[in-house]
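Engineer: Provided herewith is a single structure, encoded as structure tokens, for subsequent inquiry.
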């Protein structure tokens, strides 16, 4: 059972650092989270155990978790894992930034026919996927259709769904009245799939018209309208789509359109992407993405066979499987869902590519590479001038002081993840100043005194970074930090065997043996003079132990 921790003043649960609240539901909040190792954003639904019990919705929550764990579809919100604490459940799900389709329609009104068709095709593909996996959603509505940054639809909230069995009829009346089928509000028996078709028809109408086909503030009157099945069709609607709507909103479920009928309709087939209805129904489980597997191996410093075993084990809580699905989904999102999840290999470039990353917040250029502050000309500001050893040094630059550090051409996120892993292994304690600046201490087992140092990652040039080690004297006033208390090494819990950020790929930048000698370079940092005697030796021993651990 996981425990809540503090990270830079924010709550950390498992691998995820929680951020702002995205919304508040009946059972708790939904917050944005960030996977500490991969950097991917997720949505974390927080379910309070006591509230779940008091509202008697344990079964509803269990169904939602059970269903989402099974699903891997580009237009269904994915559940990556569930983390339990004594007080709460944390459902870690796919994050989308576009909000609800309901809010989009309220703000923009009816959608252009071509765009409405594109969204409806995505929604129906997701519903078809549910039905093929014997799951009926039963509460489809624009509020449960989310939009990502590229205006792709994602179905969410499977709490009301039932898994279908042959010959089984559902008697439960649930869902929102405006979108509910006549047989649902009448309490009649229904098989399941046909109620989702009705709801899809209401959603399509809302997309095309900007209003609902059945609406009334007086609920009995609303029910009468739904049972009568009479709704207004605007003149501007294409005749072809009007016939489709009438077929989907048939009161008699036996006469209502099926998914097969909709897929064969001429209006629906226009510009239909092939990935939405793949011919091979086994696409969602049997094809493993080799590039994603390799990326997991690099990040967690594990073998491909370990990743494959995790994927085939079927354990959704396995950290390697969770990281694999995060990588896959985010690559697909960046590709605007143009290829189906697991149907083929996504592009090899990472969404965290250096060219798109520029300088992350909190990461500073190394002072050695910063321009002198005596002129305002572009030439004086150019970092390349600082690299030119043939040029006379500006008088404004102080005499350089030696420092100890490690250079790397890995991504800054990977470097810091490796540092956290090493500190955890060494049982160091630390306080986060920002994402790339830590204050670290270690207790001398003999004297009982604490040795302190500062670790800061600097941008040396557009290709490499420098992890700087600096001694901290006890007399120095601590900088203000986002964390109120120093973090124990457990704050990096779950960073299981990340890839070494200092693997040898170039002679100067990645060799640790070369780093110790090559990184004794000039720095304009105003370092604190360490205390004489044992403190200096303790500091260097602390540096040596960290460097040795990073080299493993």
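Heads up, residue numbers simply count up from 1 along the chain you see.
Backbone N, Cα and C define each Cβ position, glycine as well.
So Swiss-Prot lists the following for this protein:
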BINDING   22, 23, 24, 25, 26, 27, 28, 29, 30, 45  ATP binding site
COMPBIAS  480-490  compositional bias 'Polar residues'
COMPBIAS  501-510  compositional bias 'Polar residues'
COMPBIAS  511-521  compositional bias 'Low complexity'
DOMAIN    16-268  domain 'Protein kinase'
MOD_RES   172  phosphothreonine
MOD_RES   258  phosphothreonine
MOD_RES   377  phosphoserine
MOD_RES   491  phosphoserine
REGION    477-521  region 'Disordered'
Engineer: By a simple count, how many Cβ atoms lie within 10 Å of the Cβ of residue 24 (ATP binding site), its own Cβ left out?
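Structural biologist: Total other Cβ atoms inside 10 Å, all chains included: 10.
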Engineer: Would you mind checking how many other C-beta atoms are within 10 angstroms of the C-beta on residue 28 (ATP binding site)?
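Structural biologist: The answer is 19.
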Engineer: Please report the distance from the Cα of residue 30 (ATP binding site) to the Cα of residue 258 (phosphothreonine), rounded to the nearest angstrom.
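Structural biologist: Counting only the Cα atoms, the answer is 34 Å.
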Engineer: Within the chain of residue 22 (ATP binding site), which residues six or more apart in sequence place their C-beta under 8 angstroms from its C-beta?
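Structural biologist: When sequence neighbours closer than 6 are ignored, residue 22 (ATP binding site) has 29, 30, 31, 32, 43 within Cβ distance under 8 Å.
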Engineer: How far is it from residue 24 (ATP binding site) to residue 258 (phosphothreonine), counting Cα to Cα, in Å?
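Structural biologist: A Cα-Cα distance of 35 Å.
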Engineer: Could you state the CA-to-CA distance between residue 258 (phosphothreonine) and residue 28 (ATP binding site) to the nearest Å?
Structural biologist: 36
Engineer: Let's check the environment of residue 30 (ATP binding site): how many other CB atoms sit within 10 Å of its CB?
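Structural biologist: Result for residue 30 (ATP binding site): 18 neighbouring Cβ atoms inside 10 Å.
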Engineer: Give the helix, strand or coil assignment DSSP yields for residue 22 (ATP binding site).
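Structural biologist: DSSP call for residue 22 (ATP binding site): strand.
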Engineer: Within 10 Å of the Cβ of residue 258 (phosphothreonine), how many other Cβ atoms can you find? Include all protein chains, please.
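Structural biologist: There are 14 such Cβ atoms around residue 258 (phosphothreonine).
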